[in-house]
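Student: One structure, as structure tokens, below. Some questions next.
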């Protein structure tokens, strides 16, 4: 059944591919092309910018199934937008890429990055239309961005206390202090480097629990396995686990496990040295067709360390490792050979297994065995380090925050905010914090007076960045119903020397942003600025835009009788 599905899908794909490659193109040059791209950028940025700041608005998004989604998350709004005009849509897609890259690098700051991208591209297009050299504009922009990041790096503050962690999380969760406190509490329980996962709960209240689990540094083999496009994660409840020491290439090796997964209506996680060829194709096909929820992950480590780690996973989940030493092959798999757990989360970089179903006695015995090996190993520091890593993974806890709410829509919106807050908090712990609300970028605009460039066009590139980096703060203020230009002017002219002095849009007052807990992670600000300036200045250097031309309408009716006879289908 699975093999015939593969054959049918190839046959279905061929005409689609032929049509895609044979399509003729439509071109726009120079000013006309950039104007269309700019219109798409403006449309997307307008929708995303509405969500920025403590008084930002919600966005309602139609879903293919179920109720509409309510969100204030910039990257979710950006990804949902598809424009009818293909040239405009191309501009929107490039700005979506800014939001996605920032989300991937820092996990937050996507709305600010989108606002920055629009501001840089808009000003660049104006200057190019006035006759400036686009390459010199780009060079000037790059020099300015480097200077701004250097200034911010010199003025950032390291984060140390639980209160500061809660403040970062609160700001990222759109001012929800409950989210901030719960995340700070989770970090306190499992440590700053500990594993924290966000799940949808089944009660009205949010809950925090520390549970048994393991994380290892290997992510999904293919992005086609992703189940949650917003967070780019694979999330399975009550999955089965197929564990193999060797590479899996043949479809015969995974057919029994796929059949068991299909019959039991449970997702399947495959952990092996590698999964490729027919086996990987079959997994992806089954996932895309909705027949079996499946994900493949490479086993962590190398050599003996990989062998031991996959053995630890087997003990934790109650599964069997398929290995040549025991003459066990995956094609002989039965449900008794498969491990299981409460849930798994797989990202591009790592995998978290929660509450494995292995017997507690076996897990404890394995822990004692590793402890004994650590005591014996006195000379080889590398081996000892690997043993300690294995011990930490088997015996360490995982903090699980279960998000509650009165409806599916409410839970989904809150989960988005928890995800953003967790990412922002990790970024703050990693690289430090800055005054929030766009304040740090506003203050950084003053250092651009010192930038030395080669010519006038490059100076205009610096001016573009000087103007653009005040836009996020201005947008936050305008979303709160205030006059952005006046307040930004006062922050630069009167409070320019006070790095932490900013404007609290929620209370409509000037304040010390660090003291009041309005802060942004340095990593989020840095990633947003670099990604926005990179894509926007490249867009400005575009001279030709090419899209697939619309398909001509199919001819209807018989020859000589346009449209066919009334009430009768056209003859082919």
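Backbone N, Cα and C atoms are what each Cβ position is placed from, and that goes for glycine too.
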Student: Going by Swiss-Prot alone, which of 9, 407, 485, 508 is annotated as phosphoserine?
Tutor: 485
Student: Which residue, chosen from 76, 102, 114, 470, is annotated phosphothreonine in Swiss-Prot?
Tutor: 102
Student: Taking only the Cα atoms, work out how far residue 485 (phosphoserine) lies from residue 102 (phosphothreonine), in Å, as a whole number.
Tutor: 27
Student: What is the number of other Cβ atoms found within 10 Å of the Cβ of residue 102 (phosphothreonine)?
Tutor: 30
